[in-house]
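Engineer: Grabbed the feature section from Swiss-Prot, which reads as follows:
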type    : residues                      : note
BINDING : 78-89, 288-299                : NAD(+) binding site
BINDING : ARG96, ARG106, ARG135, ASP224 : substrate binding site
SITE    : TYR142                        : site 'Important for catalysis'
SITE    : LYS191                        : site 'Important for catalysis'
BINDING : ASP224, ASP249, ASP253        : Mg(2+) binding site
Amino acid sequence: MPEKTIVVLPGDHVGTEITAEAIKVLKAIEEVKPEIKFNFQHHLIGGAAIDATGVPLPDDALEASKKADAVLLGAVGGPKWGTGAVRPEQGLLKIRKELNLYANLRPCNFASESLLDLSPIKAEVVKGTDFVVVRELVGGIYFGERKEDDGSGVASDTETYSVPEVQRITRMAAFMALQHNPPLPIWSLDKANVLASSRLWRKVVTETIEKEFPQLTVQHQLIDSAAMILIKYPTQLNGIVITSNMFGDIISDEASVIPGSLGLLPSASLASLPDSNKAFGLYEPCHGSAPDLPANKVNPIATILSAAMMLKLSLDLYEEGVAVETAVKQVLDAGIRTGDLKGTNSTTEVGDAVAEAVKKILA
């Protein structure tokens, strides 16, 4: 089996700690499966890159990422770098655009049923919640034409979507739905009662599913209505949820409170359909860099589960990815948890426990 090259971009603050724990788990796989070899290449991104090079994404980091099988990212940003002309988050936007990472996948479920009581929503309401937000990541208002206030007292941002952009994200959602038997339902979220871009979105999603995936069902929901359903009846959205860049950013962050901690939720950003389990992708936790958190207190589970997604979708190591997810469930069920989950364990203790569990599962 050829060596798998993983570019590691720790980023800022807790980013270094959480990527270290994910690497620990990946090395545990190497230990019990000698035929599997990972080549980890570390590079700078975000505030750490600004401090060292003056730019949030150095050329060497971008070039290495383009040549890798996958990218594992920690977290970027922090108050130290403020909101000036050069910001850590620009590194993230640039790498997404340069690597054409057009689809962001964010699962929302419970890594373990033992966590149900930690949700801020009643356990009986959230039990069984299981959906994936498929967010369009390189179009829409975040990448549209913008005009800063130049002293005139007026600023603007432009939301633009084209037919091909909506078609390819719809195909990604359809592919994800078809990985299940029976296929999962698709929910498309927009603001078609107000926005022209949303009316195009709704039309193209409908046409693409009807013409290319007649075996699938798609239901359209206005984003504000969906935001209410997500809290009141989250299981109604079970399946695949597809939406635009900004709406996906907001709704996936809202969904992240359901399992009780951002420290549990992974994400994948893909440049193509994972139809061969070898799609190029960037994997990162849904949480930020947590600059106020003391050392060894951050929950590494989201990053470890991001590595599990990487194994399944980019590295053609599906069995090993499932083993990591199973190990996480075992560790959480055993009560080994960080403070955000009402536990007393450190970052490294949780990582150690998952690594040991993975070894036992794969041995």
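Glycine residues also receive a Cβ, built from the backbone N, Cα and C atoms like all the rest.
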Engineer: In whole Å, note down how far the CA of GLY288 (NAD(+) binding site) lies from the CA of ARG135 (substrate binding site).
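Structural biologist: Roughly 18 Å, rounded to the nearest whole number.
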Engineer: To the nearest Å, how far is the Cα of ARG106 (substrate binding site) from the Cα of ASP253 (Mg(2+) binding site)?
Structural biologist: 10
Engineer: List the residues of the same chain that sit at least 6 positions away from ASP253 (Mg(2+) binding site) in sequence and have their Cβ under 8 Å from its Cβ, in sequence order, or write 'none'.
Structural biologist: CYS286
Engineer: Who sits close to ARG96 (substrate binding site): which same-chain residues at least 6 apart have their Cβ under 8 Å from its Cβ?
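Structural biologist: Spatial neighbours, sequence-distant, of ARG96 (substrate binding site): LEU137, VAL138, SER269, LEU282.
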Engineer: If you measure C-alpha to C-alpha, which of TRP81, ASP224, LYS297 (binding-site residues) come within 10 angstroms of LYS191 (site 'Important for catalysis')?
Structural biologist: ASP224
Engineer: Around GLY78 (NAD(+) binding site), how many other CB atoms lie within 10 A of its CB?
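Structural biologist: The answer is 21.
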Engineer: Looking at the recorded positions TYR142, ASP224, ASP249, whose Cα is closest in space to that of PRO291 (NAD(+) binding site)?
Structural biologist: ASP249
Engineer: Which whole-number value in Å describes the distance between the Cα atoms of ASP224 (substrate binding site) and ARG87 (NAD(+) binding site)?
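Structural biologist: Here the two Cα atoms lie 30 Å apart.
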Engineer: Quick one: Cα separation, LYS297 (NAD(+) binding site) versus TYR142 (site 'Important for catalysis'), in Å?
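Structural biologist: Between the Cα atoms of LYS297 (NAD(+) binding site) and TYR142 (site 'Important for catalysis'), the distance comes to 32 Å.
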Engineer: Please state whether DSSP places PRO294 (NAD(+) binding site) in a helix, a strand or coil.
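Structural biologist: DSSP assigns PRO294 (NAD(+) binding site) to coil.
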Engineer: Taking the recorded Mg(2+) site as ASP224, ASP249, ASP253, identify the other residues of that chain whose CB atom sits within 8 Å of the mean position of the site's CB atoms, giving them in sequence order.
Structural biologist: ILE223, ALA227, MET246, PHE247, GLY248, ILE250, ILE251, SER252, GLU254
Engineer: Got a sec? Which of these binding-site residues, ARG87, ARG135, LYS297, has the most Cβ atoms within 10 Å?
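Structural biologist: The largest 10 Å Cβ neighbour count belongs to ARG135.
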